[in-house]
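Chemist: This is the structure I want to talk about, given as structure tokens.
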Amino acid sequence: MASSAGDRLAVIKRHLVCHKRCRLQHETPEGSAVGNCSDEAVRKGRQHKGVGWQPVASRPPTPTAPTVPRRRQELLKWNGWGYKDSKFVVHKEKDYCIAFTGERYKIGNLVLPHFADWVKNTLGVKFDDCSPPQPPPEPQAYPEPIVEQEFLDEVQTLGITHSLDGEDRLFRAHGHTLAEIFTLREGMFPRIPDLVVWPKNHSEVEKLVDLASRSQVALIPFGGGTSVSGALLCPEEESRMIVSLDTSQMCRILWLDEKNLTARIEAGIIGQDLERQLQVRGYTTGHEPDSYEFSSLGGWVATRASGMKKNIYGNIEDLLVQVKVATPRGTVERYTAGPRVSAGPDVHHFILGSEGTLGVITEVTMKVRPIPVVKHYGSIAFPDFSSGVNCMREVAFHRCQPASIRLMDNEQFKFGHALKPPTDLMGLLTDGIKKMYITRIRGFDLNTMCVATLLFEGSEQDVALQEKRLYSIALNNGGIPAGEANGERGYMLTFVIAYIRDLGFDYGIVAESFETSVPWDRVYALCHNVKHRIKSECKERGIKHTFVTCRVTQTYDAGACVYFYFAFNYRGLSDPVHVYEEIEGNARNEILGCGGSISHHHGIGKVRRQWMSQTFSEPSLGAIKAVKQYFDPENIFANGNLL
Ligand SMILES: Cc1cc2nc3c(=O)[nH]c(=O)nc-3n(C[C@H](O)[C@H](O)[C@H](O)COP(=O)(O)OP(=O)(O)OC[C@H]3O[C@@H](n4cnc5c(N)ncnc54)[C@H](O)[C@@H]3O)c2cc1C
């Protein structure tokens with residue numbers, strides 16, 4: 001993974017030397033730099049496509065196999081989140097202690113001594129009342145595939161890898177909403193893809209799209225399968241054959257242009273593979289959504305994803321330089337790689353957030369950066385949530401956000417504590433002293449205080465400056481530095497928290513997260529009102545044990561992104577998913593009422609379609625429909641998302 005500081009310095013040095021050499025070799029008499037690092041490269045680089053420019057790879061790409069195999073079931077759970085070997089388990093023999101298995105995460109193979117008490121007290125869990133999931137379906141349990149023989153024959157003739165196997169189809173029938181995972185545990189989807197195809201490159205995708213149009217077959221692009229908007233669900237009423245077009249075999253970095261700091265990448269690559277391959281060469285995209293271990297580049301573009309380090313690197317729309325999309329109308333792309341183009345509305349913005357409704361994103365040119373020399377974690381404790389929000393606002397006002405800054409409310413702060421592994425005597429002492437300092441000396445109340453986690457990236461000097469500014473703003477808002485270890489743990493837990501829901505299901509707990517963006521002057525009120533609304537909705541339905549919490553995860557000049565987590569004990573309820581959806585629906589109405597948006601980064605899919613008319617005026621929705629009608633008049637991309 002990440003190289004050492006020495007390696008990174010060497011890369012940056014090489015980058016600067018190369019840059020200088022390029023300028024020296026190719027500066028024209030007028031002083032403007034042209035071409036690439038060698039004459040040969042300049043000659044090869046002038047390959048016109050339309051009016052475009054194809055840069056030359058400074059080093060040949062190294063092909064590597066994708067981490068997630070084509071048969072996803074070999075590595076991933078069929079009915080839950082993530083790797084098969086990584087999960088929370090309850091050790092009955094050790095007084096119902098909870099532990100996390102596997103070696104992939106730092107929390108792995110550790111018993112979490114406080115977690116069991118937390119789930120018992122907060123969510124009323126009874127460990128002797130376990131409801132395990134159903135076993136994997138028998139072959140005859142999968143819905144019979146609808147087969148369009150002409151399409152299947154031609155796929156065979158073209159030599160495109162494909163499968164009619166029930167498991168393969170089921171793995172691509174869903175994303176990771178509560179309702180989807182609950183269905184896997186308890187039942188079966190009424191409709192799943194009839195066939196899965198794995199094209200290897202843009203040309204194969206073009207052929208498949210053309211063939212689907214000719215044979216009247218519906219296509220659903222599949223990236224990493226981490227959607228949380230119902231975007232991958234097959235519409236029940238679709239009577240045509242549904243083909244899941246799995247992009248995972250399109251996973252090469254086609255070229256890396258070290259001079260312009262861009263890379264051309266096939267869209268099926270998943271985040272961890274992309275970063276690993278770039279980091280070996282000394283670069284990073286810096287795009288790190290919490291799902292980046294499994295989500296794909298094409299999926300990020302299709303959903304307008306946001307990564308935790310967007311403050312430095314930008315969201316996906318800031319990182320994208322060019323994109324290539326195979327649609328029934330033909331290939332959509334902008335030929336020029338200019339960093340900004342004033343040429344009418346940006347066609348890229350039809351594609352960003354199109355959620356698989358227009359075509360298949362096959363290749364993306366993305367910005368890359370040299371790996372930062374320094375990476376520091378940090379954390380700040382605040383006496384209460386409003387001081388924390390004020391601090392976040394001031395940091396954004398002065399535009400001095402570090403790579404990531406996230407503010408957790410008191411409930412989440414306590415939850416983080418419940419996930420702490422055992423500490424040795426020294427750790428206990430240090431924790432005791434810290435607790436005494438925070439509560440007795442600073443007068444913080446453990447039931448109101450909250451914590452922000454920080455991640456700084458950059459040069460030694462930049463990071464030192466960022467830390468100084470940030471901690472001084474925190475002090476102005478009543479915050480005190482709470483250490484690097486707390487910050488690092490916070491970010492590590494980001495990846496592990498997604499595994500908790502599967503444990504909850506076993507003990508009658510349903511859980512989900514949802515998010516929004518909101519102007520600064522409404523952040524605090526929105527957080528307060530939405531949490532209050534969820535709790536009163538639960539009370540009305542007789543739900544006694546709930547966990548409702550939020551965090552501010554992204555900051556902008558004009559507002560912030562707020563993320564809610566919500567769990568409740570559903571014992572005694574006959575249809576917990578329906579109850580959950582009703583409550584989340586009312587929470588979403590509350591969000592919109594408080595000035596929040598329909599979504600900051602999860603997208604619309606099918607679960608948020610009903611709020612589109614409150615988000616856009618009728619003519620705006622008409623324009624979105626017209627774009628769909630133009631690119632895909634026969635609704636080949638028939639996943640039914642957005643509208
Ligand atoms: C635990 C967890 C954490 C998450 N954290 C974040 C986060 O921090 N930030 C964030 O933005 N999102 C987050 N998400 C949501 C999700 O990861 C994103 O929406 C992600 O961008 C989806 O990418 P994917 O490759 O998994 O797409 P998929 O789930 O496979 O597909 C999503 C949609 O995109 C379409 N699609 C996929 N690939 C293509 C393609 N090549 N061409 C055209 N359409 C395509 C699909 O048809 C579908 O409509 C999280 C989800 C989970 C479960």
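Cβ coordinates come from backbone N, Cα and C, glycine included.
Predicted automatically and left uncurated, TrEMBL annotations should be read as such.
So TrEMBL says this about it:
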- 45-69: region 'Disordered' (REGION)
- 189-371: domain 'FAD-binding PCMH-type' (DOMAIN)
- 221-227, 303-306, 355-361: FAD binding site (BINDING)
- Tyr563: active site, proton donor/acceptor (ACT_SITE)
Chemist: Please list residues from the chain of Gly359 (FAD binding site) whose Cβ is under 8 angstroms from its Cβ, counting only those at least six apart in sequence.
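Modeler: Counting only residues 6 or more apart in sequence, the Cβ neighbours of Gly359 (FAD binding site) under 8 Å are Val209, Val325, Ala326, Thr327, Pro328, Val332, Phe631, Asp632, Phe637.
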Chemist: Could you pull the average pLDDT for the domain 'FAD-binding PCMH-type' (189-371)?
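Modeler: Value for the domain 'FAD-binding PCMH-type' (189-371), mean pLDDT as a whole number: 98.
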Chemist: Taking the Cβ of Ser227 (FAD binding site) as centre, how many other Cβ atoms lie within 10 Å?
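Modeler: Step by step: centre on the Cβ of Ser227 (FAD binding site), count other Cβ atoms within 10 Å, giving 30.
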Chemist: Quick check on the binding-site residues Pro221, Gly224, Gly356: which one has the highest count of other Cβ atoms within 10 Å of its Cβ?
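Modeler: Compared across Pro221, Gly224, Gly356, the most Cβ atoms within 10 Å surround Pro221.
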Chemist: Could you check what DSSP calls Tyr563 (active site, proton donor/acceptor) once collapsed to helix, strand or coil?
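Modeler: Where Tyr563 (active site, proton donor/acceptor) sits, the three-state DSSP reduction gives strand.
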Chemist: Quick check for the class: what is the C-alpha distance, in angstrom and rounded, between Ala305 (FAD binding site) and Tyr563 (active site, proton donor/acceptor)?
Modeler: 14
Chemist: According to DSSP, which of helix, strand or coil covers Gly224 (FAD binding site)?
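Modeler: Note: Gly224 (FAD binding site) is coil by DSSP, not helix or strand.
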Chemist: Cα-Cα separation of Pro221 (FAD binding site) and the residue listed as 'active site, proton donor/acceptor', in Å?
Modeler: 27
Chemist: Look at the recorded positions Ala305, Tyr563 and tell me which residue has the greatest number of other C-beta atoms within 10 angstroms of its C-beta.
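Modeler: When each Cβ's neighbours within 10 Å are tallied, Ala305 leads.
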